[in-house]
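J.: Structure provided below as structure tokens; questions to follow.
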Amino acid sequence: SVSSIVPESCLLIVVGLLVGGLIKGVGEKPPILKSDIFFLFLLPPIILDAGYFLPLRPFTENLGTILIFAVVGTLWNAFFLGGLMYAVCQLGGPGLNHIGLLANLLFGSIISAVDPVAVLAVFEEIHINELLHILVFGESLLNDAVTVVLYHLFEEFASFEQVTILDIILGFLSFFVVSLGGVLVGVIYGVIAAFTSRFTSHIRVIEPLFVFLYSYMAYLSAELFHLSGIMALIAAGVVMRPYVEANISHKSHTTIKYFLKMWSSVSETLIFIFLGVSTVAGHHYWNWTFVISTLFFCLIARVLGVLVLTWFINKFRIVKLTPKDQFIIAYGGLRGAIAFSLGYLLDYKHFGMRDMFLTAIITVIFFTVFVQGMTIRPLVDLLAVKKKQETKRSINEEIHTQFLDHLLTGIEDICGHYGHHHWKDKLNRFNKKYVKKCLIAGERSKEPQLIAFYHKMEMKQAIELVESGGIGKIPSAVSTVSIQNINPQTLPLERVLPALSKDKEEEIRKILRTNLQKTRQRLRSYNRHTLVADPYEEAWNQMLLRRQKARQLEQKMNNYLTVPAHKVDSPTMSRARIGSDPLAYEPKGDSENLPIITIDPASPQSPESVDLMSEEPKGCSGLPPSPEEDEEGLVMRVKEPSSPGTDDVFTPGNGDSPSNQRMLRCLSDPGPRPEPEEGEPFIPKGQ
């Protein structure tokens, strides 16, 4: 019940305090957490566990945000805190006046970095959502390079008589050397580990050993040259994992997984217990002004840094960081044993105030771990921050995620924009074409594992049937259907499907995930700047415009007709009436000057297909028509079918001259007429 309220890290520190007090009470000297033991034996298992099982997709998608928080945020914290503490020391009285600017900057660089051990211990218990977890944890992993550079830089500057501009420029360049050098060392050892695992099929027992051995060698090699050992371990774990898991057996994979988890848990436990013991055993110098100022400025620097950087980052992010997310990121900046060990490494010769620094560091660690670590869970519940989903994603979700990745890659190619999807696709293609063939043994380096796995299960089932005596002889092409057809009596009436073990189910899921969704290989890459223009595109556009103008003209002409409003018949009814009384629609001899409407009786179109071929009545002078003309009405003529291959819109006819197409409304509207009787024809027949 206590561990549900208090994080395990707090309880372990309390245990360490009790053990240290007990040892001191019996007159013995308690052991102190020495920096060599911490950095060489206790820290690597925790970082390797984090790097080997790093969730790669959210990490790479948020890499820019993580790097800004880790690099810019840590530099801001270090210089802001160091500068303010220097001001406090100058104003704080005789006990602090002797502490110079370099010593304060060194102290700021030690205390500014977020600790991965403390973040892991607290954040894994509150089950925060994946985005916030990877942002804070990724920052704690990658800020190691900044901390290492600043620590060694200010430590070296403290021994100089004078610091020149060249020294500052070289210190700035050393950041890139330390960070990129650590990554390079990790990648080299990761490739060597993957290549070694290709030849371990006959010695499965020692397969897990190579993972631990090469990872530890990467860490030691980086630390040997003052590079970032944490970044080397992360790079080695990320690079070797996909190839090693394809080569080693499933039992070896399980061994690696649980041994790493156990090893990191033991290291974490020892770190926090030793932190409590060292608090009791160490030498302390308490200065209220320095300690309280350190704690206050740490919190202020963290909050300001997160707010300013998030305001800048949100300008470029699609998924914005909300105020709740910013609060959790700022509140989750926990300090831990790395800061304590770096403070313990300080030399009394150059830093006589080391005991006061250690006291302030321990105070900040205890405040962040106890106060912030204990209150972050209720605050997450109070703010209703999204929690992590415990359920596994289904095969359907994973395949659709891959499909969307490939779709976005194609969209980026068409737009000519090379985003992270494009480079991810290039890297995957290079990996499949070259790297996998070198680092993965046998058939596993080739993609179609699904069919091979099916044949493997099929043969296994056939062998089991033979061993059980169900079938005397099995044909060469074994399949479940053929087996049932050969000897159906041996099978039970109700077959009980065997339950798949979790290992087998995980193997099937992995094969389905990597094989069910395949993409078309592009023959050539193109973008919008190199597309060839279609020579017919302009002609088609002109044709569509002409069609549109013709239809608009036709609708206007239909609106200008002075035919009385009749009930519109369906095309079928119109054809029936024309067929029943064709004489009613015959043109009269003296109807040359009457308006003529041409219809196509074979066309089942709407009345819009009626074309006005000619509307030139006798009285074109603008005078009202005579009563005789009004009574005679309009004469309907059957439209002659057009020859094949002609376009009724674009083929010019007799009445298509500009003068004929100009609509002159010469007939006044005679008003509505009475509805025709049933026996009357559709249009009155002229006498």
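Glycine is treated like the rest: Cβ placed from N, Cα and C.
Automatic, uncurated: that is what TrEMBL annotation is.
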J.: For the coiled coil entry in TrEMBL, name the matching range from 502-529, 614-641, 642-669.
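T.: My reading of TrEMBL: the coiled coil range is 502-529.
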J.: Which stretch from 66-89, 216-239, 357-380 shares the most C-beta pairs under 8 Å with the transmembrane segment (326-345)?
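T.: Per the Cβ under 8 Å count, 357-380.
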J.: Where among 37-54, 101-122, 166-196 do we find the most Cβ pairs under 8 Å to the transmembrane segment (66-89)?
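T.: Top-ranked stretch among 37-54, 101-122, 166-196: 101-122.
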J.: Which one of these stretches, 37-54, 166-196, 260-282, 288-314, 357-380, has the most C-beta pairs shorter than 8 Å to the transmembrane segment (134-154)?
T.: 166-196
J.: Where else in the chain does the transmembrane segment (288-314) make close Cβ contacts, counting only residues six or more beyond its ends and a cut-off under 8 Å?
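T.: Answer is 64-65, 68-69, 72-73, 76-77, 80-81, 84-85, 88-89, 92-93, 96, 107, 111-112, 320-321, 325-326, 329-330, 333, 335, 356, 359-360, 363-364, 367.
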J.: For the transmembrane segment (260-282) and the transmembrane segment (37-54), check the count of CB pairs under 8 Å (sequence separation 6 or more) and say whether it reaches 3 or more.
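T.: When sequence-distant Cβ pairs are counted, the transmembrane segment (37-54) touches the transmembrane segment (260-282), since at least 3 lie under 8 Å.
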